Amino acid sequence: MAAAGTMAGPAGPEPMPSYAQLVQRGWGSVVAAARGCVDCGWGLAHRGLAEHAHLASPELLLLALGALGWTALRSAATTRLFRPLAKRCRLQPRDATKMPESAWKFLFYLGAWSYSAYLLFGTDYPFFHDPPSVFYDWTPGMAVPWDIAVAYLLQGSFYGHSIYATLYMDVWRKDSVVMLIHHVVTLVLIISSYAFRYHNVGILVLFLHDISDVQLEFTKLNVYFKSRGGSHHPLHALAADLGCLSFSLSWFWFRLYWFPLKVLYATCHCSLRSVPDIPFYFFFNALLLLLTLMNLYWFLYIVAFAAKVLTGQVRELKDVREYDATEALSPKPSKAE
């Protein structure tokens with residue numbers, strides 16, 4: 001495959017496509033790329049890694065140290081802050097077990113999403129309003145801006161920590177296997193997109209996903225606190241209900257509407273216009289499609305839960321993800337416990 005060339009984009013942002021245009025143009029681009037790849041195979045993949053992947057050993061070491069740092073920080077925060085807070089607020093034993101996990105994730109995702117929002121709306125980066133621009137002027141080994149590199153280090157190290165945390169620190173749930181796959185796919189996407197200098201689209205992906213995690217953990221915290229002290233707290237109950245509603249809406253809007261129409265359209269279709277021989281085109285789009293399918297998988301749980309609420313099968317919101325554990329059985333404690 002020839003060396004990838006680049007070109008600048010049009011003068012103004014390209015209008016966001018419809019679902020039909022995404023399928024038609026995206027599928028057409030994928031088919032055309034497959035037909036035009038005359039030497040596809042392991043040899044091409046090996047050459048592509050050698051020519052286009054730029055990832056130094058010190059960067060991987062820094063990522064690993066960051067993952068260890070997040071794990072140590074969470075352990076300390078759980079012991080010194082979250083558990084004493086749960087005890088002071090007299091949370092129910094079941095809720096006190098889950099609260100530290102939700103508090104930790106809420107604080108991280110709130111900070112991470114706020115920083116991504118700053119990059120997309122508080123700087124000159126046009127990626128949200130003009131997603132195809134993520135590939136304008138792309139070159140192999142191009143310099144990664146320091147502010148985006150910081151976001152990649154924080155997010156990559158956190159997802160490295162999250163793989164360990166899902167296995168040994170978090171409460172085990174019915175979807176924990178899917179969550180583990182999600183963390184692995186996300187970490188592979190973060191590392192590989194950094195190595196191939198697809199960091200611009202990476203920031204957009206992180207922004208569109210982290211907001212749902214902020215609302216999820218916020219809602220769960222209010223679910224845990226609404227019964228603290230053995231009495232009902234209407235303010236927390238109202239916050240939990242509103243959080244559940246906003247979480248459901250934002251999940252669809254950010255992950256199933258904006259994500260495919262902004263990110264998948266840019267990576268499947270627009271990338272080939274800016275970089276005709278873009279490296280690892282099928283690899284990255286396959287991972288992004290897998291991420292979309294997992295988003296759809298979780299959204300089906302959200303719809304099923306909403307249907308139970310509307311039909312009266314669930315009268316009280318006890319947990320945003322009511323499939324955490326069956327109410328008849330005692331919850332499985334975290335492996336850290």
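The count begins at 1 with the first shown residue.
The backbone N, Cα and C atoms fix where each Cβ goes, and this holds for glycine too.
According to TrEMBL, the features are:
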DOMAIN    97-311  domain 'TLC'
TRANSMEM  103-123  transmembrane segment
TRANSMEM  143-165  transmembrane segment
TRANSMEM  177-196  transmembrane segment
TRANSMEM  235-254  transmembrane segment
TRANSMEM  281-307  transmembrane segment
Problem - Outside the transmembrane segment (177-196), six or more residues from its ends: residues with CB under 8 Å to it - result: 52-55, 59, 63, 140, 144, 152, 155-156, 159-160, 162-163, 166-167, 202, 205, 279-280, 283-284, 287-288, 290-291, 294, 297-298
Exercise for the section: Would you kindly list the residues that approach the transmembrane segment (103-123) from elsewhere in its chain, counting only those six or more residues past its ends and only Cβ-Cβ distances under 8 Å? Expected result: 74, 77-78, 82, 85, 147-148, 150-151, 154-155, 158, 203-204, 206-207, 210-211, 213-214, 217-218, 221
Completion exercise
Mean pLDDT across the domain 'TLC' (97-311) comes out at 92
